[in-house]
């Protein structure tokens, strides 16, 4: 894996496989890597993030997962980005040092969300203290205000950030505010930063304003179709790209109405890939059998363009 290669295209928000009794299931990561690469044509992963239940795992578990993804992804994956965010600075720093030690292709940090930064300077000060512990590793800010409640605009955050965080590489932008995203990209005239969109059902809109790629949970099981959407957009064949986005949205709209979250993502990935993802960790609870039956039937019913 090469840490300085431009990160673009799809990044799977990695699920954390668990055994039926709730322990992390490291042995299936090898199969998981091969599935992403061979079946979904996805060669980048984002480990220990929201989909990976990172904030529900112990520090030791997060380290073990990071090590396993790095080990199994060697010579197969292009980028392994490790999320090292936590509610306290010392744990973030410890995880950042560990990610650097194992050769991670990048680290990402979510804003702390119990005692929250209230302005740009407070947020940047926190991020800088984490990034400085991994001074040779590309650094990404993980912007997800619907979960953190930290609504500091990324456009504002970018001003002068490279001087304070020399390793700053870009943003995982998990918000529906395309105006903020567009202003960020407009400021990024030299193309030095990467903007990876994190709302799967709106990816085409983000591509239209200049997003470099995307990080999302659906790329675990709809990566192949989303890659075809990216190809259509690049041609450009906007009508075909729309078809893919509309069908992906149709599926997500269906499952969101049923109640959709990490537990349901694990269930879908299990029946699509055949890899046992196991239950989520409390306070999340397993997807219901009714959800699994309906979601599978809906996914099976979708007719993708050109029979894909």
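Yeah, the Cβs are placed from backbone N, Cα and C, and that goes for glycine too.
In TrEMBL this protein carries:
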BINDING   51, 215  pyruvate binding site
ACT_SITE  142  active site, proton donor/acceptor
ACT_SITE  172  active site, schiff-base intermediate with substrate
Exercise for the section: Starting from residue 172 (active site, schiff-base intermediate with substrate), work out which of the recorded positions listed here (51, 142, 215) have their Cα within 10 Å, and give them in sequence order. Expected result: 142, 215
Problem - Rounded inter-Cα distance in Å - residue 215 (pyruvate binding site), residue 142 (active site, proton donor/acceptor) - result: 10
Exercise for the section: Using all protein chains in view, find how many other C-beta atoms are within 10 Å of the C-beta of residue 215 (pyruvate binding site). Expected result: 29
Completion exercise
Rounded Cα distance, in Å, between residue 142 (active site, proton donor/acceptor) and residue 51 (pyruvate binding site) is 13
Fill in the blank from the handout: Same chain, |i - j| six or more, Cβ under 8 Å of residue 51 (pyruvate binding site); the result in sequence order is 13, 14, 15, 217, 220, 262, 265
